[in-house]
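According to TrEMBL, the protein has these features:
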type: DOMAIN; residues: 20-51; note: domain 'Cadherin'
type: DOMAIN; residues: 52-268; note: domain 'Cadherin'
type: DOMAIN; residues: 269-374; note: domain 'Cadherin'
type: DOMAIN; residues: 376-489; note: domain 'Cadherin'
type: DOMAIN; residues: 490-590; note: domain 'Cadherin'
type: TRANSMEM; residues: 666-684; note: transmembrane segment
Amino acid sequence: MDGEGKEDISVDTPYILMCLQVEALENDEVVEGPVYVTINVLDINNNAPSFNQSSYIAMVQENSRAGLPFTRVFASDLDDPQTPNAQLKYSLVSQIPNKKNVLLFQINPKTGEISTSDEGDMRRRNVDPLEDPDFTLLVRVQDLGGDSPTALSGNARVHIVVKQNLWNNPGPITIKENQKEQYPLVIAKVQSNDPDAVYTLVQKEKELKFPFQIKGNGEIVLTEELDREEKDMYILVVFAKDNHDRDVDPPMEIHILVEDVNDNAPECEQEESVFEVQEDEIVGTSIGDLMVSDADEEGTLNSQLTYTIVSQSPVTTPGTFLIDDTGKIQSLRMLQRKEHQAYDLIIRVSDSEFSTECKVVINVIDVNNETPQFEKNNYGSVTLAEDSPVGHTLVTIKATDADDPDSGSSLIEFHISGDEDEVFTVETDGKGVGHLVVAKPLDFEASQTYKLQIDARNPEPLMKGLEYGEESTAFVFVDVTDVDEVPEFSLDVLDVTVPENATKGSVLLTVEAKDPEGQEIRFKLDGDSKGWLEMDANTGQIRTKDKLDRETLETFEVTVTAFEKDHPEKSSERVVHVRLLDVNDNVPKLIENQDFICMNNPKPVTIKAQDADSEPFSQPFTFTFAHGKKSPNWDLRKVDGTQTFVKCHRDVSGADCKFAHAKININFSFTAIFVKFVIFIFLVKI
């Protein structure tokens with residue numbers, strides 16, 4: 001309080017809320033009050049933020065990852081922490097040295113954590129710590145979130161020492177295969193940044209063979225010779241851990257490359273390579289590529305191959321074939337099959353140190369340079385009755401081909417023109433002999449004459465520039481004679497389905513038939529053992545003439561005959577299949593119409609029923625007493641869909657007879673059972 005009794009309120013005071021009690025006094029006595037006064041002290045931004053240290057020292061490892069904090073600065077502000085006056089923002093002002101005008105470090109504006117920037121990623125910069133041993137950063141902190149021109153600030157310096165990274169990857173390491181050395185052989189060495197690190201070595205591929213080890217001093221050794229053809233690269237993973245099995249450096253992958261040496265001879269992929277070339281091909285025609293492999297590394301002199309034709313059989317002068325350094329075989333002259341059908345070659349294939357010999361066979365195949373020729377171009381006319389059977393031979397045709405008889409060029413196929421319905425065909429074995437035969441039934445009414453053009457063709461394409469001529473075509477003329485044929489039905493299969501309650505005179509089916517020669521026809525029906533059907537001889541209508549009964553006969557067959565009116569012997573038959581559909585035309589019936597019940601010991605009687613109809617017009621049945629009333633003396637208990645129990649549920653005898661006669665009468669849909677008392681039972685369908 002000051003001399004006048006007032007409290008000195010400063011922004012530095014920890015109180016922001018004050019409560020006062022005011023009283024009015026007269027002669028030291030309270031005359032009014034007390035009155036309570038609350039005073040809120042509002043903060044103003046009158047304190048600059050300050051770092052807890054004016055200078056910091058930090059160390060960063062060479063090759064450290066960008067964005068990974070390695071130190072932190074801290075600042076505070078005496079203003080109200082609940083207001084923007086104490087909201088702080090960190091920033092990086094400068095970096096010394098900065099030779100490339102690129103900031104290599106960054107600071108988190110909220111936390112003050114310092115890390116390397118993407119531009120300054122020590123792993124990519126590969127900074128030599130001896131060249132740039134340290135850096136000095138000027139960092140700033142501002143209140144008001146750093147967003148106001150009136151924000152107050154403070155500064156500090158951060159001295160950063162770059163520590164050389166000893167955990168360097170020595171790879172990739174190249175080792176020659178089949179190297180004759182004293183093993184184990186030191187091939188590399190690693191060093192952790194932790195002098196007490198424990199090293200372990202594993203293989204990334206997890207294969208059975210792993211000829212590498214690591215010593216306690218970080219030396220990596222090879223334990224045996226390597227074979228590039230077996231495996232051309234190994235990936236080693238080195239771990240540096242402390243005594244608690246925690247990583248002190250990140251795992252390191254080292255690639256071991258196995259260098260190839262020429263230790264494999266070329267190998268022919270086939271014991272004997274066979275190629276084909278058509279005769280008369282132009283000079284330089286490619287015949288094929290000789291496939292040879294070398295297990296040594298591809299793209300090196302160790303697998304670079306050269307090809308030489310050592311011998312050729314039969315021998316020709318000048319040479320017939322050429323092979324280049326890719327293994328491509330070409331012809332040096334036009335070949336003729338009539339001269340030589342095949343050539344045998346021995347080809348030597350060599351790399352810089354080894355060689356092998358491959359066998360090659362080149363077959364000269366016939367080119368289709370000859371067309372088939374008929375022995376004659378007109379085989380005249382052939383007369384056929386229209387009832388000639390399928391397979392009947394009309395004429396035998398012959399053609400020859402001068403091409404090699406062992407090649408596809410000499411095969412002959414016959415093609416027919418002028419026969420759109422394909423009534424005829426030529427059967428042949430491909431050797432030039434063909435049999436013109438009937439392939440489908442003849443029909444005088446449809447076609448009486450045919451002019452058949454038969455072309456002889458090879459399945460192989462003709463040589464370029466060669467075309468088929470008149471000598472490859474022959475003609476056959478066919479005359480078809482009329483035969484008085486039997487009537488023909490319009491349908492081969494005649495099926496009828498009709499309900500069994502069809503009325504008398506109902507038309508089941510109208511049979512249609514015609515005579516090829518246009519003769520008038522009649523119909524008749526046979527085989528109706530029940531006498532249920534009749535047929536109109538003129539129209540072909542089949543009608544019912546009596547009541548049908550599915551329960552008597554569900555399916556049956558009748559025979560329909562169509563015949564010429566003036567020549568009844570000219571006839572044909574079809575079987576009509578008739579199936580009757582069930583209707584509900586039968587009432588249920590009891591299987592037994594009487595039973596016995598002993599009056600002294602009445603036991604249940606089983607009532608069984610049946611229905612001649614099929615489902616759904618038959619079982620299950622429902623058994624009830626007449627008029628739907630319950631009996632005071634009898635119970636009905638359902639057994640299944642076809643039977644029920646009748647049981648006496650109280651003493652109804654009133655006499656000492658041994659048994660009473662029970663008679664069951666059936667009247668359509670109900671059954672009467674007579675014992676000492678009259679019981680009516682309904683039997684109805686569900």
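Each residue's number is its place along the chain shown, starting with 1.
Placed from the backbone N, Cα and C atoms, the Cβ positions cover glycine too.
Annotations in TrEMBL come from automatic prediction, not curation.
On the 0 to 100 pLDDT scale, the domain 'Cadherin' (20-51) averages 87 in this prediction. Counting residues per DSSP class in helix, strand and coil order gives 0 helix, 48 strand, 53 coil for the domain 'Cadherin' (490-590). As a summary of secondary structure, the domain 'Cadherin' (376-489) carries 6 helix, 52 strand, 56 coil according to DSSP.
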